[in-house]
Structure formats: C-alpha cells, structure tokens
Amino acid sequence: MEDKNSVIVFKNVSFQYQSDASFTLKDVSFNIPKGQWTSIVGHNGSGKSTIAKLMIGIEKVKSGEIFYNNQAITDDNFEKLRKDIGIVFQNPDNQFVGSIVKYDVAFGLENHAVPYDEMHRRVSEALKQVDMLERADYEPNALSGGQKQRVAIASVLALNPSVIILDEATSMLDPDARQNLLDLVRKVKSEHNITIISITHDLSEAMEADHVIVMNKGTVYKEGTATEIFDNAEELTRIGLDLPFPIKINQMLGHQTSFLTYEGLVDQL
C-alpha cells in the first residue's frame, strides 16, 4: 500500500472487546494526513478512544489492517514503530511516573537506553519548549492540571515522535488551561511538523483541526474539513454531539453559514 500523504491508515478495521457481544469498531477505514491536525470526535461509546488504543498497540485489531508510513503494523515491527507515536491521556495524575518533573520526562528516554548526556539535553529542550524548564525540580503535587499536561507533552517530545495523540487530554482542564494547552500543541506542531491526532467529544476542539473524523456507533459517520463537517450541524446534534458555542449563537441569529469560529462570531456581531 502506497500513500505518501498519510502517516496512519486504517483499512477495514474491526474490533471487539472480549467482554462485549457487539463490535466496538465495524469495518472502519480512514487516512490520517501527514503533518496535519486531525480530530476524531464522537460521544461516549462511539469507538474513538478504541482507535487510539489500536494506534499505540494497547489493543489489537480483530480484522483489517493499520498502516504506519505505508508499512502494515504487525507484532514483529510494532515496538520499532511505537517510539514514533506519543500519547497524552485524559488524567495527568495517571501518567506522572517520576518523583519530580525532570525525572518524569527522562523516564521514556531511560527505557530507550538514551546516553546520559543526550538524555539531559533532550529533557532540558523538551521542558523549555513547553515553558516548564523553571519547574524541572518540582514535585507533581505542586503543579496544576494544565502544567502536568505540559509535562506529559514534554515527555513525548523528548522522544522525537512523528505523531502525538491527545486522548481527551483537555477534558479535565478549565477553559483557560484548555486553550493554553491547545495553543501549545499548535505551536509544537508548527515548529516540528508533527502530526496531531486529537481524540475528543468536544466539537469546539475539532474547529481548530485541519481534518475531522466523526465516529458514531463504531463507524465513520462523517469525514472532512472542519467547514465541511459543520456545514450540516443537524447531523451532529442528531447523534448526540453538542455544537460549539459560536455555531449555536450563529444559528440563533439566523445566519446562513454553519461553521463559525469565536473570532468569526465577533466579526459577525
């Protein structure tokens, strides 16, 4: 399979948890464009988080194939590919493994047997990129939720990944911390040409993406640009998704355009 523009490809993927009678994913196919921000959205139980687990090897497909840079992912090559894909989870407390910030960032490097001098350099650079270098010696209980997520991103960046997955990474943050984290991820994506995959139930987060995949009942419901996805907002509310605030206001005002960012709403008003 040859697709130079896609970093990850799902081809007819189905998955079923052992405890479930029905399939969580049913014949799912999509491409993740290289160097872009893709949001995979859906309500609870839509299959979106299972997709993240399959991408990083926590779970394995029952049928179908997953490709990474045109190479089919198998048991034989997965560990080699895995270091290219980093993930930031929902709860920052559950992913903090070091006693202080710099040890947490160094943890993954130690597992990959990175030499000490190189490790020290990478830890410092990664913390500097996320504006946490001054807190390198802090304990996790001295950090806010947003700061812990910054450390989680630094831990991923230190490994020089090609792809970063955010699995509901902003859902436990207050609005300001959430926006700050998204701004940071956008900056990291731009500076390092990293592919971002955001797994979320929050459609306002999808508004910032280059590419959006909407999941519903284990299948791909819609796929396209943010403008294309929000062009028919009724299709999104029909499957239980909550529309972003600016789009709701735009509808209330009777404007024709469905897709509207916060900045666009201000201009309209």
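Placed from the backbone N, Cα and C atoms, the Cβ positions cover glycine too.
Under the heading ATP binding site, Swiss-Prot lists Gly42, His43, Asn44, Gly45, Ser46, Gly47, Lys48, Ser49. Marked as domain 'ABC transporter' by Swiss-Prot: 8-242.
Packing around Gly42 (ATP binding site) is summarised by its Cβ count: 25 other Cβ atoms lie within 10 angstroms of its Cβ, all protein chains included. In the structure shown, the C-beta of Ser46 has more C-beta neighbours within 10 angstroms than that of any other entry among the binding-site residues Asn44, Ser46, Ser49.
Highest local Cβ density among the binding-site residues His43, Lys48 belongs to Lys48, counted as other Cβ atoms within 10 Å over all protein chains shown. The binding-site residues examined here are Gly45, Gly47; by Cβ neighbour count within 10 Å, the least packed of them is Gly45. Mapped onto three states, the DSSP output places Gly45 (ATP binding site) in coil. Taking the centre of the Cβ atoms of Gly42, His43, Asn44, Gly45, Ser46, Gly47, Lys48, Ser49 as the ATP site, the nearby residues of that chain (Cβ within 8 Å, site residues left out) are His201, Met215, Asn216.
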